[in-house]
Amino acid sequence: MASAPGPDLPGDSSEDERPKWDNKLQYLLSCVGFAVGLGNIWRFPYLCQSHGGGAFLIPYLIALAFEGIPLFHIELAIGQRLRRGSVGVWKAISPYLGGVGLGCFTASFLISLYYNTVLTWVLWYLLNSFQHPLPWSTCPLNLNQTGFVEECQGSSSVSYFWYRQTLNITADIDYSGSIQWRLLVCLAACWAVLYLCVIRGIESTGKVIYFTALFPYLVLTIFLIRGLTLPGATEGLIYLFTPNMQTLQSPRVWLDAATQIFFSLSLAFGGHIALASYNPPRNDCEKDAVTIALINSMTSLYASIAVFSVLGFKAANDYGHCLDRNILSLTNEFDFPDQSISRDEYAAVLTHLNATQPERLAGLHLESCRLQDFLDKSASGTGLAFIVFTEAILHMPGAPAWAVLFFSMLFTLGLSSMFGNIEGVITPLLDMGVLPRWVPKEILTGTVCLLCFLVATCFTLQSGNYWLEVFDKYAASLNLIIFAFFEVIGVVYVYGMERFCDDIEWMTGRRPGLYWRVTWKVISPLLLLTIFVAYIIFLVWTTLSYKAWNPQYKQFPSRQEKSYPGWVQAICGLLSFLPALLVPGVAMAQLPIWRRRKQKNVQQNMRLKLQDSKVSDSEIR
């Protein structure tokens, strides 16, 4: 370790009062839990599958090396050195950068609102998993008890349970509908659980994190072992990782890889700065940044193998049922003996009939059964968690047990990510001293959780899913890219590269090498600027629309694409730019203060000059 004293910084004054992690493992698990979230399970596998399989790993690893890890290192290092939350860190570096901290604080608040709502849905499914058969396994009877509900028959039992029995969704975002009380109760339960976990900050989350961060890995391993033994698992994994290098010619693939790294590591949320601020000053933050980033990426790959082994089983199962339906049609039409055509013989029989009796065969209108088509029916986000994977579980022996495991894993994954999100809100509030020191921290934490719960009740409306998609698309993406850009610029060009390297040498005992210096100074800012421009172009060329679940739609169960009404588009624009506008807003607010200070300094200098001239005149006399 470097023996020289650390640079004199404003964050050193309250060292003894600030809480500390009980041990290094607590901190690492907290960062891993914050970084590894639902996106590792339901977004990365989808991106990898839809963007060229193994070829997607090329832009992903490039983005990890030149964007993810360098930015992550900056956040951990600056939080650890200045010992403050996001607002305090950037105000300490420069008052003009205070808007970056406020923006991160606002983004974390907005993300917490809808992220915990996803946990509400997960909790609802988890509670419904403790029964046999699972409630989404069959369609319910209609009111006359003479058949199944028409909407369910027209879609599927899994889709019906999600859209109608869980969300009770409206057909248009213009119609808000009523509050769904079962979701409101689950939302209250989720915020209550979160409050109990974060009630004393890292003192309480540090205890819970051992379970919430490690349990998902246990469940993933169980799913992986079981998935690899299922028929169709090999086909699913081959489909996932077969490289298609031509996809690398698409700019969208590179943009998705860069943004996936960005959001997967939870960069610019402010949570990692807050978590690192509780570290001892001499902690090796460089090693932590590389370790956590690699764990996060390896988890994404690990989850992809587990998820697609199960989805391969689902595709093989659906493919087999498709063949069975066609075989039944052939058996009835051509009077074949029952069970005389096996699945393996189906292709040969079909070829023979097509050659001998083509007109009669064409009249059957047989389904097109290709395994590739069923493998193509993957999804991301809630579509993967609550429809595709949930349907796959139905085909597994002991389905309720697998459903309990799956939704328990999602809940703990989301909960550990929420620890970091809410820490990104509470730590800045504590640093700003919004409440007197004699007020217990539990009061502030409870007030924040209660406020978040009250605001998030809008997501329990029948149109709540549409609004959650609005927040997910527009509240974070553009804002976080802007904040990350200003973070790099603030540290490298305002705080100073040499000063920052001095700090890291003092903390770790090693001076940052060429890789860190080049990425911080040139590559990372340019990458972020490129992502920002590409994202703006993408937004300009994309119609602001959403997909509605409408049983009256002619192509139902396909979702109907609708344009957002004008007032919703205004909200989208507000969410996209309002947090980012805090950066120039705070900087402009500092200008009058700077002018007053400058005027005061000029006046003081004038007084000193006058005093000096009087003294010199008296000496001459």
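Backbone N, Cα and C define each Cβ position, glycine as well.
Heads up, TrEMBL stuff is auto-annotated, nobody curated it.
Keep in mind it's a predicted model, so treat the numbers as computed, not measured.
Database features, via TrEMBL:
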BINDING   Gly33, Ala35, Val36, Asn40, Ser264, Asn296, Leu413, Ser417  Na(+) binding site
TRANSMEM  27-45  transmembrane segment
TRANSMEM  57-78  transmembrane segment
TRANSMEM  99-127  transmembrane segment
TRANSMEM  179-198  transmembrane segment
TRANSMEM  210-233  transmembrane segment
TRANSMEM  253-278  transmembrane segment
TRANSMEM  290-311  transmembrane segment
TRANSMEM  401-422  transmembrane segment
TRANSMEM  443-462  transmembrane segment
TRANSMEM  474-497  transmembrane segment
TRANSMEM  518-544  transmembrane segment
TRANSMEM  564-589  transmembrane segment
Intrachain neighbours beyond the transmembrane segment (57-78), with Cβ under 8 angstroms and 6 or more residues off its ends: 31, 48, 89, 93, 248, 253-254, 257-258, 260-262, 264-265, 267-268, 272-273, 276, 285-286, 288-290, 292-293, 297, 484, 487-488, 491, 495, 500, 503-504, 507, 516, 519-520, 523-524, 527-528
Seg_contact(the transmembrane segment (564-589), the transmembrane segment (474-497)) with at least 3 CB pairs under 8 angstroms, min sep 6: yes
Cβ-centroid neighbourhood (8 Å) of the Na(+) site, Gly33, Ala35, Val36, Asn40, Ser264, Asn296, Leu413, Ser417 excluded: Val32, Phe34, Gly37, Gly39, Ser266, Thr299, Ser416
In the chain carrying Asn40 (Na(+) binding site), residues 6 or more apart in sequence that have Cβ under 8 angstroms from it: Ser264, Asn296, Thr299, Ser300, Ala303, Leu413
Spatial neighbours of the transmembrane segment (253-278) far in sequence, C-beta under 8 Å, 6+ residues away: 18-21, 27, 30-31, 34-35, 37, 39-40, 43-44, 47, 51-52, 56, 59-60, 62-64, 67-68, 71-72, 75-80, 82-86, 89, 101, 104-105, 107-108, 111, 202, 247, 285, 292-293, 296-297, 300, 417, 420-421, 423-424, 427-428, 476-477, 480-481, 483-484, 487, 527, 531, 534-535, 538
Neighbouring C-beta atoms (10 Å sphere around the C-beta of Ser417 (Na(+) binding site)): 29
Candidate ranges 27-45, 210-233, 401-422, 443-462, 474-497 - greatest C-beta contact count to the transmembrane segment (99-127) (under 8 angstroms): 401-422
Stretch with greatest number of CB pairs under 8 Å, the transmembrane segment (210-233) reference, 27-45, 474-497, 518-544 candidates: 27-45
